[in-house]
Structure formats: C-alpha cells, structure tokens
Amino acid sequence: MQNELQTALFQAFDTLNLQRVKTFSVPPVTLCGPGSVSSCGQQAQTRGLKHLFVMADSFLHQAGMTAGLTRSLTVKGIAMTLWPCPVGEPCITDVCAAVAQLRESGCDGVIAFGGGSVLDAAKAVTLLVTNPDSTLAEMSETSVLQPRLPLIAIPTTAGTGSETTNVTVIIDAVSGRKQVLAHASLMPDVAILDAALTEGVPSHVTAMTGIDALTHAIEAYSALNATPFTDSLAIGAIAMIGKSLPKAVGYGHDLAARESMLLASCMAGMAFSSAGLGLCHAMAHQPGAALHIPHGLANAMLLPTVMEFNRMVCRERFSQIGRALRTKKSDDRDAINAVSELIAEVGIGKRLGDVGATSAHYGAWAQAALEDICLRSNPRTASLEQIVGLYAAAQ
C-alpha cells in the first residue's frame, strides 16, 4: 500500500513538472546575407529535391524578383512549377487550389518566396498535401500528422518571422475568421534571409510589417511561456527594431537597416514560436479578417492599449522593453510611450475608427479573441467585457 501511495505521489509530481516544461525550437538551417537567395538551389539539392513548387508573390514575380531564385535552381538542374500567390492574406480556398496544383505537378518540395502571407500559405499547403484526409480546421498542435513536404522559406518583408515559426494563419472562407494553427510540422526546413530582396518594399509596408515584428517580440517577452532563450531573442529584436525601423522606413535602400530588420523579424519569430504571443494578436486577428486591413496595422492600433492592460503584471519586463527602445533608464510607462512614439514616427498611428470599426463589431470580435490560441500565453487573464473595453479604448 505504501509503495502504491509513493508511486502515485511521484506520478503527481511528474505531472506537475511536465506542466512547467517549456520548449525552444528553431529551424535546422538559417542562411543570411545579401545574395543568399543564390544558395537555394544548393539547399534543395542537398535534400535530394528534383522538382519544386515555387509559391511566389505574384507582384514580385512580375517585377523579376524571382530571377535569382530561378537561376539557383537551374544551375543545379532542379525543375520548378510556379504558383503565383494572390495579393492579400491567404484564404483557405486559395490554399486548396494550390494543393490541387501541387498534386497534379508531382513536385517533391515547396519554396515560399514572398511576405508572411505567402509563407503562411505555403506552410499550410505542405501539410495538407500529405494529409489529404484532414482539414486545417480539424488540426491542432497535438494532431498526429503525416510528415509534410520539404519547405524552403524566403521572406521578402521583415515582419511575420514566418520563416522561423511553427504557426500559420489562414482566413476561413465561410466564417471569415482567421484560423491560427500551431504545429511542430509547420517549421520550415530552411530559412533564407536575403536583405537585398526587401530593398524595394514600400515605406508604409515596411512600417506595418516592422511593427508586426515589434509586437511579436514584445508579446514573446511578456508571455507566460517565455524562457531565457526566448527572452534573449525577443529583447534583442526589440532593440534592433527601435534602432533600424525608422531608417528602413525613411530610406529604403539602407541595406544595413533592412538586414537588421530582417534579422530582428526572424529573431522575434523564433521567440514567439516557442514562448507564444498574447492578447494583442488575439484581438488584432479580428478586425484584420473582418475589415481586410493589414495585420501589422491592426497590431499597431492595439498594441499600446493592450500593453497598458498587461502593465500591472509586467512592470519589470516593460521597464526592460523601455530601456531596449530608448537605451536609457525607463519604467513600465516609458515603454508604452516609446512604443506609441515609434508607431507614430513610422507613420501608422491610426485608431480603429479610422479603418471603419464601430462599437457594433466589438462583441463578436471579443468573443473570437477569447477563442484565439494566441490568448493562452498572455500574462494577464482577460474577460469578454474587458476585451470589449479594450477595443473601445482603441477606437
């Protein structure tokens, strides 16, 4: 009897310990530096790939931006089938169309070349094509799935960090909501960070994607699942963004600033992929899907308000964020002010009312935010009424 009791106690302790275990994972290979896109063919060849399905931003392809990628594949004798991705955030109908084309072409791997929307779509495609009996809506982070197709991710904006995360966000065609799926299989095999590909990104897009990266870093640093690994990446990314984003927005051909932003975006992605995000993302997904506004802009409109809500449980962490942004002694309020000032400096200091949001939206949006997986790692619990109030405060 005593042995049974002892075993039960140890099992209980083991269960409690497992609940405290935190993970940290990054892609196996990350290449960076101007011109690094030329390494894509070698990376594909190393993995034994013969025919790649290239999902590329349609505008970038038309502008000739995929030429270097094409050359690197041709030199290695690797065939490619091009799939121009539609403009805007990925919808499940577009993803399913790409899956059908990939199956028909017989490709053995995928390259994603574009912004976060293209990368998210490609991640979903690689998973769905090898799991034909499952839908994204049915999948969860604990789903047992067949291995996805090999994936090489080449971001052309500095923001989502999708090239280094285990997350994809796809708009459901029926509900209009954003489906957020986190799964270990969604982590790309290779991330190629070539800052030269980001030089032509318009200033307003640079600003929005940059604030998205800042939001990733701040939420990862504040998250319940933060670890020393993710803390180092997140606070480093915050400092880099504070220094480099105004330069990248103001002078797009500043390659050093562009590269710094691309690295910061990647670091923030690594951080939140393990630590999680928070209430700002849970809330931002709703107006983004309903009003079709860019994700980075939605984050910019909500981040200071959500930080004020979380401040009571994040005082020391916010003080460190303030120091990272202002390079001087700061308190928690200074951090929120510094974030607001940076958002205004890069020209996207808008309110929800400016993009068509009204109080009639807030109840449904708040309910959807409560169901968003990003909320799980927020440092402070939020009720439906509190989230409605936060939307109203950002009006």
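Think of each number as a place in line: the chain as shown, counted from 1.
Yeah, the Cβs are placed from backbone N, Cα and C, and that goes for glycine too.
In the three-state DSSP scheme, HIS295 (Fe cation binding site) is classed as helix. Annotation comment: Swiss-Prot describes ASP57, 116-120, 156-160, LYS178, 197-201, HIS295, ASP354 as NAD(+) binding site.
What Swiss-Prot lists as Fe cation binding site is ASP212, HIS216, HIS281, HIS295. According to its DSSP assignment, HIS216 (Fe cation binding site) is helical.
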Next item on the list: Determine the Cβ neighbour count for ASP212 (Fe cation binding site): the number of other Cβ atoms within 10 Å of its Cβ.
Entry: 28
Check: Taking Cα atoms as reference points, which of the binding-site residues ASP57, VAL118, GLY159, GLY200 is nearest to HIS216 (Fe cation binding site)?
Finding: GLY159
Item checked: Neighbourhood of THR156 (NAD(+) binding site), C-beta criterion under 8 angstroms, separation at least six -> ASP57, LEU60, MET65, PHE113, GLY114, GLY115, LEU197, THR198, VAL201
Item checked: Proximal but sequence-remote residues of the same chain as GLY200 (NAD(+) binding site) (Cβ under 8 Å, at least 6 apart) -> ALA63, MET65, GLY252
Notebook entry, point to check: Using Cα coordinates, what distance in whole Å links HIS281 (Fe cation binding site) and VAL118 (NAD(+) binding site)?
Noted result: 19
Next item on the list: Across all the protein chains here, work out how many other Cβ atoms are within 10 Å of the Cβ of VAL118 (NAD(+) binding site).
Entry: 28
